[in-house]
Amino acid sequence: MPSFDEVLKEAGEFGRFQKRVFFLLCQTGITFSFLFASVVFLGQAPGSYWCRIPGAAEQSELCGWTLEEERNFTVLPLRLGNGSFSGECERLDVVWDTSVSCASPLSRYSNGSTGHLPLTTCHDNWVYKQPHSSIVSEYNLVCGNAWMLDLSQAVLNLGFLAGAFTLGYAADRYGRILTYLLSCLGVGICGIIVAFAPNFTIFLIFRFLQGVFGKGTWMTCYVIVTEIVGSDQRIVGIVIQIFFTLGIMVLPGIAYLLPTWQGIQLAISLPNFLFLLYYWVVPESPRWLLTRKKGDKALKIMHDIAKHNGKYLSPHYSEITINNEEVSNPSFLSLVRTPQMRRNTLIFMYAWFTSALIYQGLVMRLGIVGGNLYLDFFISAAVELPAALLILVTIDRIGRRLPFAISNIVAGIACLITAFLPEDILWLKMTIATLGRLGITMAFEIVYLVNTELYPTTLRNFGVSLCSSLCDLGGIIAPFLLFRLAAIWLELPLIIFCILAVVCGLLVLLLPETKGISLPETVEDVEQLSSHFGKCGKKRKHRDTNSYI
């Protein structure tokens, strides 16, 4: 009986069918990038706001003032008499007398006594010129509550982390496409609830759930694409990263056209409902079906793939070899029970953590410094495009392992050089720092591909999801590490980034090369993988075909 890879080769490894499925699932990269980076626009700082003094609202209504007139009459004059008074996080501890003249409401303080009035902290009386422009003005995330904006992003990352465990497990146990479709439904529903959340607590709860389901869509679509193409076409996983970058580049355009945060939230959430139509066009992964002893369903899908690709399966392909390894529900112990799996798992966990920590750290360090937020965000996103193009040019020529290692080492060295370059040659400092971001972006994108290629089908979705959960942990830690260390010495974070990246680059050299090999189907395949390669990563001619289904 033929193996799955033999059947796939005859049905077409990257024909019309796979190209269609690939293009459709790539759209998930765009919507996931919206969710990943949306806080930049959902949480924009309000342009102008102040703390309203009790009685000022009644005075304003009585006198028919505009908001600007209210601010001029009740805040600005008092600021002149109180040098430390900003009017944003503090207010004067007074109550306006509504019986005073509308033309001169401060006449009772005309003798300079405004400078001696007591101040008090503002709690919930803020007034915004654009009250619904962002979640900051919607939920009063200013002054003492400003940390809650960071909390909203941390909660999203916690959702990613939870999704990696729960939905990664679900995809390996209940199927790829079922998990994908339910995740798309979840992202859409939670996104709508977030847009109309009556308070910040509800906002956080459903933003967390949106992170859970968002992670499910992203990781599952990646695995589906990888499992339905041949070994020579698995770099399509890198192209999905390009769609992620395209989403990052499109996001500022959406935010520019929609003036309210609710509009932005709906615009980035509603497209997920369209993915439910994939139920009729994207099949279950035949590799997964084989691991679940569903060979008949897998063979039917292979016949459909062959038909769409203009191919014809031989009559003797009436059955595909079924894996004889006992299939158990995935668990962490399955990832570390055997030597090669243990080595791969530990290296990938470190690589995911390091890539996320350095990537987000460099983004925050280079940041968006003033100027036009929308244009600056677009340009910063465009920097990532060359990374994917470099990977596509090199990965099928020299393999995965060497570019993976070099990109990490280049990122580390660039961070080290940037740390010690003097400030008076800023252009060179910024150029080297950008080179570091390019290197870590390449490493970030390669880890997706190699991680998928070095786990067996029985554990692939769970393993990739579990390892990538360290990415979310790195994203949570990055801002704290960056800002705390920068307070000691501005360039100290770059030294830490250098150490982490170089160590990662050396560790990935311990991984086997995966260029041109079939996806492992069982843990035994992974354990025997190193024996298929001689020196310099060349594949040996001998191959134990019994280890493949």
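From the backbone N, Cα and C atoms, a Cβ is placed for every residue, glycine too.
Pulled from TrEMBL:
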DOMAIN    110-516  domain 'Major facilitator superfamily (MFS) profile'
TRANSMEM  21-42  transmembrane segment
TRANSMEM  154-171  transmembrane segment
TRANSMEM  178-198  transmembrane segment
TRANSMEM  204-225  transmembrane segment
TRANSMEM  237-258  transmembrane segment
TRANSMEM  264-282  transmembrane segment
TRANSMEM  347-368  transmembrane segment
TRANSMEM  374-395  transmembrane segment
TRANSMEM  402-421  transmembrane segment
TRANSMEM  427-450  transmembrane segment
TRANSMEM  462-482  transmembrane segment
TRANSMEM  488-511  transmembrane segment
Tertiary contacts of the transmembrane segment (178-198), as residues 6+ beyond its ends and Cβ separation under 8 Å: 28, 31, 35, 163, 167, 170-171, 206-207, 209-210, 212-217, 220-221, 224, 262, 265-266, 268-270, 272-273, 275-276, 278-279, 282, 284, 461
Mean of pLDDT values spanning the domain 'Major facilitator superfamily (MFS) profile' (110-516): 83
Contacting positions for the transmembrane segment (402-421) when only residues 6+ beyond its ends and CB under 8 Å are counted: 351, 354, 358, 362, 390-391, 394-395, 428-429, 432-433, 435-440, 442-443, 446-447, 450, 491-492, 494-495, 497-502, 504-506, 508-509, 511
Annotated stretches the transmembrane segment (154-171) and the transmembrane segment (427-450) touching (3 or more Cβ pairs under 8 Å): no
Sequence-remote partners of the transmembrane segment (264-282) [C-beta within less than 8 Å, at least six residues beyond its ends]: 20-21, 24-25, 27-28, 31, 34-35, 38, 41-42, 177, 180-181, 184-185, 187-188, 190-192, 194-195, 210, 217, 224, 251, 254-255, 258
Stretch contact, the transmembrane segment (204-225) with the transmembrane segment (488-511), Cβ-Cβ under 8 Å, 3+ pairs: no
Among the ranges 21-42, 237-258, 374-395, 427-450, 462-482, the one whose Cβ pairs under 8 Å to the transmembrane segment (488-511) are most numerous: 427-450
Tertiary contacts of the transmembrane segment (21-42) (same chain, 6+ residues out, Cβ under 8 Å): 134-135, 149, 152-153, 156, 184, 187, 210-211, 214, 217-218, 221, 224-225, 228-229, 236, 239-248, 250-252, 254-255, 261, 264-265, 268, 271-272, 275, 278, 281-282, 373, 377
Chain residues in Cβ proximity to the transmembrane segment (462-482) (below 8 Å; excluding those fewer than six residues from its ends, i.e. six or more beyond): 150, 154, 157-158, 160-161, 163-165, 167-169, 171-172, 215, 219, 222-223, 330, 332, 335, 345, 348-350, 352-357, 360-361, 364-365, 448, 451-452, 455, 493, 496
